[in-house]
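Reading through the structure tokens given below for one structure.
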Amino acid sequence: MTWARVRHRKPLVDTDPDSPPPPDHPLAPPDPTHPHARRQGHHLPDASVGADGRYIYTIDIDARMGWRSSEFEETIFFCGYDLHVITDVLSGPGPGRGPVVLVDRSMNLSPAGSHKGNCGLPAVEALGDRIGKPRQLIADRAYNYVTNDTFAIPVWRLGYITIYDLHPVQRGTHPGPGGSDTIWIDGVLYPTSLPEGLHDIEPIEAKMDVGVRARLERQHQARQAYAFVLHGARRPDGSRRYRGPAVPPARVRCPNNPISMREPQSVPTTSRTPGTACGCGRTVTLTDSDYPDMRMPFQHGTLAWEASYHRRVGIESVFADLKRNRMTWHRGFFRGFGIRRYTLLAGFTLAALNLLILHDAATRRGTLDCWGRFLGEPEPEHRPRRHRSRFTSARHAATPAVTGPGR
């Protein structure tokens, strides 16, 4: 948030139109496709308009109105800036992976309500080649809901594997590439022979009952057998090959593909009659323009997706440290106006937060932190822990009256 006070009543949250639909709120524009349109009874007195066509409600001419996920007793709207931060998370879900120090790798500051793709991409580009494999990028809906050529495709060209959460508007069935006899369902390509009962499956959510989660996972796994899977790495021109479920090694038995019928009876069999159009045995070449905002290494809404996507809690932990756990970043934390000043101060603050996090991590491990190594301090001595013997002395022994009645 900006330090400046909003000097208008009923401001209009005129966010960029290429973003998720605004919430049902009195300050939301009447038409989401025209967020900059004036609305009677708002911004009294009349607000000035900046070079970007958006309203200026404070003496900070760079601050704008935007939406946010309300937490810590905050409002759903605010006036100020959006902070795009990237941190490290585990390379994959599951046990056997060591803890990760959640430091801030890069950041970019933009006026609130600005285009999330255009403003989040510079933070990804600032990472350069410092991120090793697997280069996975986990982002929320605000980044994969925008136009594909503003975020999803450029991130792929940087060599990242993207993992998103789909908006309800994005979910559903769409036709596949022409002449391939395929369909798209939630960003995954399937042949038209997919049973009707596996078309619309509810995604798994954390708040669901255990039994419901298990039932939905079985349905997702049954549909996974029909999915097209990646067949080779991404080419320099952005194309990738995907093989159908009946291509050896086959995952379904299709009458149009005799080789697949050699699989055991435990493998699902399609209901296609020989000679009818079927995409089970095809190998399809997809380009970057084929749903890059929804294509992921696994089906959306499965347990595998949930375990991988929920690694995103790492960035939530960083913002919690920034706002409450380690620091108290709130309105008035920075005093001044202008995006240049706020960008510089935000960079210094995140650097200080990194030092605190690294120092605490080194203390827990009993090693020297980064400043100690820079100053040439000696490594701390590792003293053996004293093990307390667990025994009961005679004078503290329990009496029969305490332990219970005896014979």
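Including glycine, each Cβ sits where the backbone N, Cα and C put it.
Over in TrEMBL, the protein carries these features:
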| type | residues | note |
| --- | --- | --- |
| COMPBIAS | 1-10 | compositional bias 'Basic residues' |
| REGION | 1-47 | region 'Disordered' |
| COMPBIAS | 18-32 | compositional bias 'Pro residues' |
| REGION | 239-275 | region 'Disordered' |
| TRANSMEM | 342-359 | transmembrane segment |
| REGION | 379-407 | region 'Disordered' |
Check: Per DSSP, what is the residue count of the compositional bias 'Basic residues' (1-10) in each of helix, strand and coil?
Finding: 0 helix, 1 strand, 9 coil
Note to self: Can you tell me which parts of the same chain pack against the compositional bias 'Basic residues' (1-10), counting only residues 6+ beyond its ends and a CB-CB cutoff under 8 A?
What the structure shows: 26-27, 41-45, 47, 57-60, 63, 78-81, 330-332, 334-337, 342
Check: If you run through the region 'Disordered' (239-275) with DSSP, how many residues end up as helix, strand and coil?
Finding: 5 helix, 6 strand, 26 coil
Check: When DSSP states are grouped into helix, strand and coil, how many residues of the compositional bias 'Pro residues' (18-32) land in each?
Finding: 0 helix, 0 strand, 15 coil
